[in-house]
């Protein structure tokens, strides 16, 4: 059940589940820290400074104090003693941190940044004791100052709320200013740091590192350096991320169904879907090193190392989408099979110059494994018959599969120790024309033309078309008859008469020398 705000004056931002959880935690402990407030505001998409002030004012009205974090170097809302001598920090138990040099004082002399009394009750806040920062005594001993707060009226809260609003108003201006260099050690102790609201912070996803300067020429080294900065996950973290991914997928399905719903429910579903996407990215980035370790086993087989990693990452994405945390297995155990499957399929499709179907690649790999095993057992290369018996196929099929498994090599592959010759220099070109045969064929064509010139035009044309002497395509009697407009019988008679003339020794003697 969602927590409904009990006070009617609370802003609408408190309808978000993250803000409701913050209020519940604040009412339980009496206060919330600035980091939790910042995270809740980010999840509720409270980005306007005006709305942020309303949230802080609402917490103060509900009697929930905001505890400031320990001073940090990256805080942009810090104020120093030079600009704000009496900087106040609202703490969880209703007191303020006094400067180190101040002596113990009553609540009247302490800063007025005490937690506000609840508006409904209007009662006074119980007095409490908090330890002030330790100060060094002249004797070298460390003394501990205490500030005792007595009853605080509701009117005393107004200055504290105004102070917090002033700090929140400076967030946008300070965020645009460049970070100042680190001050000296003595000035750093005087700084009082407020909470920081930044869209770049994300507690769920790992930090993104952008490499600009110092990039090397080795892309593999750069990639490994980047993914090595992401911390690994344990089993509990994997299950937690998987649950968030599942919830995000369900929320996206509800949003895409086109169902009419209340704006509040739609905002909650959008936040859950966004959180699921962040969890998916976190689970992916934390397991990129697993892909690299598996891709190393497949190097030197026709694909570049980065290409193998890229294909393995696609398999990792599929594993994240299909992972079922209820089975009780670790994600890395489940994802290994999807990564290997993606890499082997990519190698079958892209590694070879001549593509071989995937099922045939599996047969080739199986044959290679059996051949290596039999080589170890027999101490010699197995015969095709022995392989066929082991694989339950014919010897002819074994020989055919072995041919498919051969890798093509380039004709320009250098040979010898010096590499002065190429592999193509040792291969015979069966289609190359021998010079002597080429000269003989040219002379034969010239002699044929001289013999045909002794015949009539029709006789020479019939013989040339009948035996394909012009275009190399012999024609039938009907085709020749259509050319000359006569019957096929007449063409047969002309052919017979012409052949008798060509058999005469005066014409045939010059052609007999080419029969050998």
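Here the Cβ of each residue, glycine as well, is placed from N, Cα and C on the backbone.
Per TrEMBL, DNA-binding region is recorded for 477-496. Below 8 angstroms of C-beta separation, residues 458-459, 461-463, 465-466 of the same chain, each at least six residues beyond the ends of the DNA-binding region (477-496), sit close to that stretch.
Summarising the annotation, TrEMBL assigns compositional bias 'Low complexity' to 98-114.
What TrEMBL lists as domain 'RNA polymerase sigma-70' is 307-320 (among others). Listed by sequence, the residues of this chain that lie at least six past the ends of the domain 'RNA polymerase sigma-70' (307-320) yet keep a Cβ under 8 A from its Cβ atoms are 223, 245, 280, 283-284, 287-288, 290-292, 294-295, 298-299, 331, 334-335, 337-343, 345-347, 350.
Annotation comment: TrEMBL describes 476-502 (among others) as domain 'RNA polymerase sigma-70'. The predicted model assigns the domain 'RNA polymerase sigma-70' (476-502) a mean pLDDT of 91.
If you look up TrEMBL, you'll see 84-114 (among others) marked as region 'Disordered'.
Taken from TrEMBL, the feature region 'Disordered' covers 171-190 (among others).
TrEMBL lists 283-353 with the feature region 'Sigma-70 factor domain-2'.
Here TrEMBL flags 362-438 as region 'Sigma-70 factor domain-3'.
According to TrEMBL, the region 'Sigma-70 factor domain-4' annotation covers 451-504.
Among the features that TrEMBL reports, motif 'Interaction with polymerase core subunit RpoC' is placed at 307-310. Across the range of the motif 'Interaction with polymerase core subunit RpoC' (307-310), the DSSP-based residue counts are 4 helix, 0 strand, 0 coil.
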